[in-house]
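Undergrad: The structure is given below, and queries will be raised subsequently.
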């Protein structure tokens, strides 16, 4: 009887904490919105006709690379510092965001709070948000996603299953229901978008864990039940079947640092674009996942891992001692020059914007060093890191000879036995929802309109520029 009473007391306390945290999140958002709105009004009134960039013909044909055409609030990619989440660098986030007891990595819930509000949350606010997410993990909605995924062909890709699972959750969209009933308007869209975003964040870890067990065991089910005493990342890892608390800490890091990467990448822009039509967050994020599933966006870490595994096989085939640092450096240097001289690129090195080592790479490397990784793959990636920038500088055909986040993430997962490469993009998507959903909520809060850029044809460009030059 006492145990039941204590459980009820904890349950009531958890509800109060969750409700308080949500109220505080909304208050912080509205306070920032008022500050931002004055800036937006002044910018549009005083500088509305100022040019941000010139769109060249090369840029139009080149994937719009370099064209500044979006406002996206959660994050900004700094060429010198890497990604900044609401102005904070990766290192600052690691230092300032609340952590699990005894842990050193930021909790993803804390990262979500930062992206959504622009403020670093307190430990109490993070506990409240965690309680709120556990409260919103509706078994009925999750069962609908489970049923939809189970109906897929056995060979369906995990990203197909994730996108379908999110679409199945859409049946429970509060944004869509309120809009259909005429209960929402431009001033309240953001609140319904926030409701859907919190619900999605609460339910997708269970869906993603089911997809993992479908991939490894053939059954759309959990390896362990959800545990409301655990944080978001630890609970997800345990539902996948991982009991190692060091891996839970790894997941906290992985899910936090992949949370956003400004608004122009395929998954973020797709989510933003679809949501601009007042499609609810589920529809928008499912579309973003489909973009993330493309090999040019979400498969980079798999390509790096395949490259590393091929290097590992070649080292062994050539009889190189992995523990002889000088011999390993010499062999890898020779392999790299062969690759470059054949016209290929080194996977995991270089970045479209960054001009230094990706801080997301650095924090993953530091995690491995702190936890004393000693496996061959880590030795390999660490040795490549020591020689590659010098080789690429000498080669002279790359603007950024330093590693990006993808150069390390696969090694991290392989170390803990998560070897199912097809699943890696699901982890990426689970993390990335935090940033893109924060972007969607802020678009609705700021009253952002439907996206409708102008397109042009080759024939029209030819008539304008080529005919006059003949």
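Every residue, even glycine, has its Cβ placed from backbone N, Cα and C.
Note that the structure is predicted; figures quoted are calculated from it, not measured.
Pasting the relevant annotations from Swiss-Prot:
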type: ACT_SITE; residues: 297; note: active site
type: ACT_SITE; residues: 351; note: active site
type: ACT_SITE; residues: 406; note: active site
Undergrad: Counting Cβ neighbours within 10 Å across all chains shown, tell me which of the active-site residues 297, 351 comes out on top.
TA: 351
Undergrad: Only counting partners 6 or more residues apart, tell me which same-chain residues put their Cβ under 8 Å from the Cβ of residue 406 (active site).
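TA: Counting only residues 6 or more apart in sequence, the Cβ neighbours of residue 406 (active site) under 8 Å are 300, 301, 303, 304, 347, 348.
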Undergrad: Three-state secondary structure of residue 406 (active site) from DSSP?
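TA: Its secondary structure by DSSP: helix.
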Undergrad: Rounded to a whole number, how many Å is the Cα of residue 297 (active site) away from the Cα of residue 351 (active site)?
TA: 13
